[in-house]
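Down below is the structure, laid out as C-alpha cells.
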Amino acid sequence: MLDYLHAIALSWPAAAVSLLLTLAVGAALWATHNALTHFDDRQVLFEQGSVAYLVQRSSLVLAFGIASLPTITRGEDDYPWNVLPLQAAQLAWVFVALLGVRYLVDAILLRERNTEELLDGNVALGVLEAGFYVGFGFVLNGSLTGSAATFGLSLASTVVFGLLGLAVVVGVFWLHELVTPWSVRQLVRGRSLTAGFEAGGVLAAVGIVVREGVAGDFTGWTDGLVAFAATSLFAVAMLYLFRWVTNRLILRSATLNQIQERQLVGASAFSAVLLVVVAITVAAVVRHQL
C-alpha cells in the first residue's frame, strides 16, 4: 500500500502537467476556430442556440478528445517527464490537422462555405460534418498509436499515415456519393436529416475501421504501406458487409432506399448508430484477431 502511494506521489506532478498540456491545446484549438470566424461564436452557440453550428463545433471537440488519447498514454518503461516533449509534438499535429480539416470539409462536402449553411439552420449538414470530424478523430488517434526507431521517423510516419487515412475517408465519401441512387450533397443542401444521418454514420464508421490500418509500430515504409492498404481494405469491406447484414436483420421493414425516399429520420438515425456499432466491432476484431 505504501509503495503504491509512493508511486502515485512521484508520478502525479508529471501527470498533472500532461493533462494541463492537453487541455491547453484543446482550448487553443477552440479559440483559434473562434478567431477564424466573422461572427461571435459564443453568441451564436450559447445565446442564439444555433443547433446546426453547435453540432459541428461539438463534434470538433469530440474529435480532439478522441485524437489526443494516445498522447497521454504512458508505457511502463516511459519516464513521465521525458515524454512531455513528444506529447507536445503530437498535440501540435492534432491541432494543425483539426484546424486544417475544416477547409477540406468545405471543399468536399457542399463545395461552398458550409458555415453559412450551418448558421442558416441546416442541421443535416451539421450531422454530416460531425460524422466526418469524429471519423477523422479516430484516424488521428491511429496515427499517434505505435512507435518508431527515431523521433524523425515517428513524426514522418504519423503525418503520412494520418493523411493516408484521411484520404481513405474522403475516398469512401466520394464512392458513397457515386454508387448511391441519390445525391448526398443535394439532399443535404435540401436539409434532409435522413441523408445527413446516413452519410454521417458512414464517415464516422469508416474512420473507426481505418484507424486500425493507420495504427501500429513503424517498421519500414514498404511494410507499413502494405499493412495499411491491406488492413484498411479488409476493414472497410467487412464494414459494408456487416452493415448490409445488420440492416437486413434489424431494419427489415425499410431498405436504405426506402428510408431516403420516405424521409424516415428515425430509421436513418438508428441505421447510423448501428453502423458505428458494427464499425467498433469490426475494428476490435481487426486489432485483436488479425
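Yeah, the Cβs are placed from backbone N, Cα and C, and that goes for glycine too.
Copied from TrEMBL, the annotated features are:
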TRANSMEM  12-31  transmembrane segment
TRANSMEM  51-72  transmembrane segment
TRANSMEM  92-110  transmembrane segment
TRANSMEM  122-140  transmembrane segment
TRANSMEM  152-175  transmembrane segment
TRANSMEM  195-213  transmembrane segment
TRANSMEM  225-243  transmembrane segment
TRANSMEM  264-286  transmembrane segment
Would you kindly list the residues that approach the transmembrane segment (122-140) from elsewhere in its chain, counting only those six or more residues past its ends and only Cβ-Cβ distances under 8 Å?
-> 51-56, 58-60, 62-67, 93-94, 97-98, 101, 105, 109-110, 114, 162, 165-166, 169, 173, 184, 187-189, 191-193, 195-197, 199-208, 210-211, 214, 272
State the residues, same chain only, that lie 6 or more residues beyond the ends of the transmembrane segment (225-243) and have a CB under 8 A from a CB inside it; answer 'none' if no residue qualifies.
-> 161, 164-165, 168, 172, 205-206, 209-210, 212-214, 216, 274-275, 278-279, 281-283, 285-286, 290
